[in-house]
Amino acid sequence: MKILAIESSCDEFSISIIDDGKILTNIISSQIDQHVNFGGVVPELAARLHLENISWVIKSALESSNTKIEEIDHVAYTEKPGLIGSLIIGKLVAETIASYIDKPLMPLHHIEGHIYGASIENEFVYPVLAMVVSGGHTQIEIVNSPNEFEVIGATLDDAIGECYDKVARVMGLGYPGGPKIDKLAQKGNKEAFIFPISKNDDSYDFSYSGLKTAVINIIHNLTQKGEEIPVADIAASFQYAATKIVEKKLEKAIIQFKPKTLTVAGGVSANSEIRNIIMSLGKKYNITNTFVPKMEYCTDNAAMIAKLAYEKLKSSN
């Protein structure tokens, strides 16, 4: 069973082909260089660049997987959530291909895809406890099957990735800010500044607006005083506060729900501290199936959509 999957929810246009659970190809057209000067993704530009990249991405996916379009059995695409213009482009491409080869169309959820990106090389044993961390989402999900997802907690304001990017912008690090802060944090003292660990309560919800404001205020105060900004120390202290609450909420969820698989998903799953937290908690609570996605599957890609589609189809047979 061959599935062609399309991911276009933001500034990546990606096509992947999977054959009976094995990824044959995962072509990604990234637009980071085009958006960096704007300090973030420009929706109209993202959609226009998707249009320009469709042809070569499709051609590359078919050629690199040695697949003829007629050999595809199902066509999957990201339906939501995301930038509306970018999503429409992906949907139209998927509908066109499915109509041309007369094969079923599968609209899928972007976040569910991210979670299954972690299962590309590691099979899930249910129930799965998944920590979703990205530019648009920060949430904890219980996954009981490819068709059963329960969000037990989510951010009430800023997502963790959004917070990283905004702090990085004020620090003058540019976009995308997450990897740059993570790298700087390795050189800094996490105890140099005491930033608030927000939403430190019994719920599974998150809040990052207070942390973001606290860091920005420190930077502005130092700037107004004409003092040097210790970027490494600020990065380390910020990262500690941003990730410590993830550790606390996840540990509470592990104790309550007793998952058989522990994983993390989304663009911020590439963060070194987040990855360390996942592996440490898995070891502490003897969760044998504890894993983080390969770096290539952390950010948006169609392989994760292809794997989700495959698992859904397999579960229905």
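Along the chain as shown, residues are numbered 1 onward.
Cβ atoms are placed via backbone N, Cα and C, with glycine included.
These numbers come from a predicted model, not from an experiment.
Listed features, source Swiss-Prot:
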| type | residues | note |
| --- | --- | --- |
| BINDING | H110, H114, D300 | Fe cation binding site |
| BINDING | V132, V133, S134, G135, G136, D165, G178, D182, N271 | substrate binding site |
Candidates H110, H114, D300 (binding-site residues) - the one closest to G178 (substrate binding site) by CA: D300
Inter-residue Cα distance where the pair is D300 (Fe cation binding site) and N271 (substrate binding site), in Å: 15
Alpha-carbon distance [H114 (Fe cation binding site); S134 (substrate binding site)] in Å: 10
Cβ neighbours within the same chain of H114 (Fe cation binding site) - under 8 Å, at least six residues apart: V132, S134, A265, G266, M304
For the binding-site residues G136, G178, the one whose C-beta sees the most other C-beta atoms within 10 angstroms: G178
Sequence-distant neighbours of H110 (Fe cation binding site) in its chain (C-beta under 8 A, six or more apart): E7, S9, T78, K80, P81, G82, D300
Additional residues around Fe cation, ordered along the sequence, whose Cβ is within 8 Å of the centroid of H110, H114, D300: E7, S9, T78, G82, I111, G113, G117, S134, G266, N301, M304, I305
Maximal Cα-Cα distance (Å) across residues annotated as binding substrate, namely V132, V133, S134, G135, G136, D165, G178, D182, N271: 18
Assigned conformation of N271 (substrate binding site) - DSSP reduced to three states: coil
C-beta crowding around N271 (substrate binding site), within 10 angstroms: 27
V132, S134, D300 as binding-site residues, winner by CB count within 10 A: D300
